[in-house]
Amino acid sequence: DFLCISLVNGFTQLRYNLGDRTVILQTLQKVHTNGNTWHLLNAGRVGNEGYLNLDGVNVTQKASPGMNALDTHSDFFVGGVSSLNLVNPMAIENEPTGFTGCIREMVINNRELNLTVTDPKGGANIGDCDGTDCGYTVCKNNGTCQVGNSGFSCSCPKDWTGTRCEQSIHCSQNMCGSHALCIPQPSSFSYTCACALGWTGKYCDNKIEFYIAKFVGNSYIKYTDPFYGKRDLQYSRLSLNFTTNQTEGLIAWMGKSEDEDNDFLAIGLANGTLKVVINLGERISVPLMDRKYFTCSDGRWHFTTVVQNHTCVKVYLDEELILFEDIDPQKKYTALNYGGICYFGGFEIGRKVNTVTTGLFQKEFTGKIKDVVLFQDSKKIQLMKAEGYNIHDGNSGN
């Protein structure tokens, strides 16, 4: 499988292969090669339907039945490759050659890649294209860059300050401790402190330990499974205890959640009912709803276990089997490639649950979680040893 964007005889070309055939799209107009014209290019695919848009002129290839997922495990290359023999012969029309020109503002699956000296994994023979100290988006948050005798300076909008306009004025005099992030609250001209795991208090200066994690709606835990490389991903299992009085919320998400092609297994609440969603590939996420029980938002402890055996999913609630379904009788995808990442209660600060889960779950979790076990491990995972923010001690009343 591959996806490749290239210049061919002055035209921009997109080629991709999802496992069955190579799809080729080419722009209707040529690019300017005068060296001083910036072009805006949007290219990609939805399932097996491709699109290519150069400066607002769109080309779309209607999809015919076939493969729907791009299965690649290589590095992502921009402008060239470390060795030209890595390029699939079908990915480019002529002999492969490196790109000569400038590239800026690269966004992959809604995340901008920083084309800097330090952010990429590697590279060679790259120079500064702007030619000045200002570069591209040196000043953050719509700041304006000016070149001076001693480098650059940023003129910042009213709510931002700092040498690169990177700091909110509401956080410029903050009292958050070293174990905290300052979260600006522009509407009230103030800020709040988001406490790292193991810390609490207004300024995150009180150290805590917990075995029961309490989530307050803007909390999350991100756990990295140290045994991921040894797991049999065709047989996954997640069990935990939770309590809440809210009818909506994401309890757990096994998966990287970096883009919509990532596999995942999710547990949460919808309308007070337990909801399980699983995606083993091809973006076929199958929501499984428990119609029988409406008692999960009653403030009591509930024990749930989700078992995935190839494409068969079993869901237990309070020791009773409430769901049993084969989500893909064809068994096209049978493994949960979750990347060793598990989220509890929500995602990183600034990443809303309803956005990341594309509406599968509406809100961050408010309540308590304990006794989390992955697969059939003999020990519960230690939530204290993970990373996260705004987690309280569920043993106490705070």
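Note: Cβ is positioned from N, Cα and C throughout, glycine not excepted.
Predicted, not measured: the structure shown is a model, and the values here were computed from it.
Here TrEMBL flags 1-129 (among others) as domain 'Laminin G'.
The disulfide bond annotation in TrEMBL covers Cys102-Cys129 (among others). Counted within 10 Å of its Cβ, the other Cβ atoms near Cys102 (disulfide bond) come to 15, all protein chains included.
Proximity of distant same-chain residues to the domain 'EGF-like' (130-166), defined by a Cβ-Cβ separation under 8 Å and at least 6 residues beyond the stretch ends, is recorded for 104-105, 172, 184, 186. Under the heading domain 'EGF-like', TrEMBL lists 130-166 (among others).
The number of other CB atoms found within 10 A of the CB of Cys156 (disulfide bond), across every protein chain shown, is 21. According to TrEMBL, the feature disulfide bond maps to Cys156-Cys165 (among others).
Feature annotation from TrEMBL assigns domain 'EGF-like' to 167-205 (among others). Within its own chain, the domain 'EGF-like' (167-205) is flanked in space by residues 158-161, 218, 221, 349, 384, 386-393, 398, which lie at least six positions past its ends and keep a Cβ under 8 Å from the stretch.
Per TrEMBL, the feature disulfide bond maps to Cys176-Cys193 (among others). The Cβ of Cys176 (disulfide bond) has Cys182, Tyr191, Cys193, Tyr203, Cys204 as same-chain neighbours under 8 Å, each 6 or more residues away in sequence.
The annotation disulfide bond is assigned in TrEMBL to Cys195-Cys204 (among others). Other Cβ atoms within 10 Å of the Cβ of Cys204 (disulfide bond), summed over all protein chains shown, number 22.
For the domain 'Laminin G' (210-398), the model gives a mean pLDDT of 89. The feature domain 'Laminin G' is assigned by TrEMBL to 210-398 (among others).
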Reported as an integer number of Å, what is the Cα distance between Cys165 (disulfide bond) and Cys129 (disulfide bond)? 22
When you measure from the Cβ of Cys195 (disulfide bond), which residues in the chain that are at least 6 apart have a Cβ under 8 Å away? His179, Ala180, Gly201, Cys204, Tyr389, Asn390, Ile391
Select one residue from Cys129, Cys165, Cys193: among these disulfide-bonded residues, choose the one with the most other Cβ atoms within 10 Å of its Cβ. Cys193
Cys156 (disulfide bond) versus Cys102 (disulfide bond) - Cα distance in angstrom: 27
Round to a whole number and give the Cα-to-Cα distance in Å for the pair Cys129 (disulfide bond) and Cys156 (disulfide bond). 24
